[in-house]
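First comes the structure, then the notes that go with it.
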């Protein structure tokens, strides 16, 4: 009997409302957890790389990844500086190869920080030219994107990258798929020298149609830089090919030996998408000159004459462009300069 009455009392406790005494807090449940404590947080303004236990190859890869993924401009710049120092060392420390470096850092051409873009150009100049040439087409894709960027500073720094690429891989730039006409289209967007507008020229010269350009808010220096790089691009495309020395076995080597250049049959476009005129390859000087005369000479000549009248830095840059255009005519036996 005693046990049954005890059980009844225990069950009744669950349904009894406890009486609260005035001035005393409510009784805490048995499973109460105190959450009133606070922990001290440590905030690090700048991340640091832990170099302990990492060899030079892993440290190189870590900095290469940080150069692309870091949120801070200073971090990306410092990581690029580390990679640049490793590439310029003697011997160079590059565990991922030139193609691995380019794949990672090419998107930084349009980076929003000027210091990052300047450091990126220094990195490009440390790469071996013979290893850059096979990737000229890939680099040009990012360069053309930077040439049509909304920021004038990005466009100017991109022209510096194109200037470097013309120095180390000029022939590959003008002869790769899309390297000739698509790059000229990008210059057209920057300068506003539209071939469709030039076709509607009047007897007075340049048409009065609106000039669709990406802006000249930085003054004549920006336009002069664009014209100078355009002149260098045209000089590279119109440069006569150097004759190859006579080799009696060259004929048989071309037939039976493996090619010494990457993708030697790219001009056939066996496995790629169909190309339009702008995406086509123009591997020799005569083909580039022919399509230039057909689509671009009138527009560039008209824009050049207008730029020469402005004088100053723009006029001097236009004079360099004029020499490049005249040189293309003089070296062509079928055309004469007036």
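Along the chain as shown, residues are numbered 1 onward.
Note that Cβ sites are derived from N, Cα and C of the backbone, with glycine treated the same way.
Among the features that Swiss-Prot reports, compositional bias 'Basic residues' is placed at 1-10 (among others). With helix defined as DSSP H, G or I and strand as E or B, the compositional bias 'Basic residues' (1-10) counts 9 helix, 0 strand, 1 coil.
The compositional bias 'Basic residues' annotation in Swiss-Prot covers 18-27 (among others).
The annotation region 'Disordered' is assigned in Swiss-Prot to 1-34.
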Residue counts (helix, strand, coil, in that order) that DSSP gives for the compositional bias 'Basic residues' (18-27): 0 helix, 0 strand, 10 coil
